[in-house]
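J.: Here it is, the structure, as structure tokens.
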Amino acid sequence: MPSAFQFQCHLVLIFLAASKGETRYLEVRDAGEDDPFLLLSEDLKRELSAGQIYRRSLRCIDMLSIEGQFTFTADQPQLHCATFFIGEPEELITVHYDFVNIDCHGGDFLKVFDGWILKGEKFPSSLDHPLTTSQRYADFCESGNIQRSITSSQNVAMIFFRIQQPGNGFTVTVKKSSNLFPCNVISQTPSGRFTMVIPHQHRNCSFSIIYPVVIKISDLILGHLNGLFLKKPPAGCAGMGDFVELLGGAGLDPSKMFPLADLCHSFHGSAQMKVGCDNTVLRMVSSGKHINRVTFEYHQLDLQETETRKENSIEEFCFPTI
């Protein structure tokens, strides 16, 4: 089972491959001595638990899952750089500008994005985020000192930057805060268990797992509804107002993924699906009339499981891509 830092290295490699037009299937080699993702080691986390502030330099393409102060200084013109931030499902991320020395008038920029963008696709999708796409960007060159701290709406955020003059750069402090009702989430690991609750709110929430997985829903409460319904077009759950859908695809944006099944009636039991797609999303749509809740667990799919069917399994999908 890949470790958390391997997963995050994999995502950065996806971003690099996308910029070069290469496939997303890349071999993740062992980390070298200067690998930035070694900061995720348990020893370091224990050291930081004493209240120390972690500090290090940023690379042009980087990934962070820990709080601290991070500095980027250009040693040559850097035109296409990004840093991805990720927290636990119940965490929000705040990015604070401590120091910025860039040439806004000369074409440099530094922007925080509320979510992630990979290969032109957004998470959360525009359908699932409370802000418009333009509102999700915080441009330092436009706001300057007016907006020095930006807090995400979910457990992921990122910064884009271009710095053309060697020696210029910036320093940011990254902190995390609690989110009582996590909505949109990207999982840090290929396995886990999660309960999503939407308490009388008219919103859509997506839980994204960027792996082929076996996902099992063990409990679903949608207001007063009972039973289980699987999607068989043209019928569906959209007219119910409150439902859960399973999506699969090769990209990041749930709105561009293929619908695999709809669950629009409450049930207690087990509904399992094997999804061989690059990305699996469980998405809850809520009308705001009820307290909706879904509990599910997931683990990475292996080749042996593709050959084994269980009685409670829903139809299998996307296996040609494994």
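Note that Cβ sites are derived from N, Cα and C of the backbone, with glycine treated the same way.
TrEMBL feature annotations, pasted as is:
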- 1-21: signal peptide (SIGNAL)
- 52-177: domain 'Corticotropin-releasing factor binding protein N-terminal' (DOMAIN)
- Cys60-Cys81: disulfide bond (DISULFID)
- Cys104-Cys141: disulfide bond (DISULFID)
- Cys183-Cys205: disulfide bond (DISULFID)
- 185-306: domain 'Corticotropin-releasing factor binding protein C-terminal' (DOMAIN)
- Cys237-Cys264: disulfide bond (DISULFID)
- Cys277-Cys318: disulfide bond (DISULFID)
J.: Measuring Cα to Cα, how many Å separate Cys264 (disulfide bond) from Cys277 (disulfide bond)?
T.: 23
J.: Which has the fewest other CB atoms in a 10 Å radius around its CB: Cys104, Cys205, Cys237, Cys318, the listed disulfide-bonded residues?
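T.: Each of the disulfide-bonded residues Cys104, Cys205, Cys237, Cys318 was scored; lowest Cβ tally within 10 Å is Cys104.
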J.: Across all the protein chains here, work out how many other Cβ atoms are within 10 Å of the Cβ of Cys277 (disulfide bond).
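T.: Summing over all protein chains shown, Cys277 (disulfide bond) has 25 other Cβ atoms within 10 Å.
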J.: Show me the subset of Cys104, Cys141, Cys205, Cys237 whose Cα is within 10 Å of Cys277 (disulfide bond); these are the disulfide-bonded residues I mean.
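T.: Correct set: empty; none qualify.
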J.: What is the number of other Cβ atoms found within 10 Å of the Cβ of Cys141 (disulfide bond)?
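T.: Here the count is 15.
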J.: Count the Cβ atoms, other than its own, that fall within 10 Å of the Cβ of Cys60 (disulfide bond), considering every protein chain shown.
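T.: Taking all protein chains shown, Cys60 (disulfide bond) has 17 Cβ neighbours within 10 Å.
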J.: What is the separation, in Å, between the Cα atoms of Cys141 (disulfide bond) and Cys60 (disulfide bond)?
T.: 19
J.: Which residue, of the disulfide-bonded residues Cys81, Cys264, has its CB surrounded by the fewest other CB atoms within 10 A?
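T.: Cys81, out of the disulfide-bonded residues Cys81, Cys264, has the fewest neighbouring Cβ atoms within 10 Å.
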J.: Provide the number of Cβ atoms within 10 Å of the Cβ of Cys183 (disulfide bond), excluding the reference atom itself.
T.: 24
J.: Let me know the model's mean pLDDT on the domain 'Corticotropin-releasing factor binding protein C-terminal' (185-306).
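T.: Residues in the domain 'Corticotropin-releasing factor binding protein C-terminal' (185-306) carry a mean pLDDT of 85 in this prediction.
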J.: As a quick check of your reading of DSSP, tell me how many residues in the domain 'Corticotropin-releasing factor binding protein N-terminal' (52-177) are helical, how many are strand and how many are coil.
T.: 13 helix, 67 strand, 46 coil
J.: Rounded to the nearest angstrom, how far is the Cα of Cys60 (disulfide bond) from the Cα of Cys237 (disulfide bond)?
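T.: The Cα atom of Cys237 (disulfide bond) is 44 Å away from the Cα atom of Cys60 (disulfide bond).
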J.: Nearest to Cys183 (disulfide bond) by Cα distance: which of the disulfide-bonded residues Cys60, Cys81, Cys104, Cys318 is it?
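T.: That would be Cys318, the closest of Cys60, Cys81, Cys104, Cys318 to Cys183 (disulfide bond).
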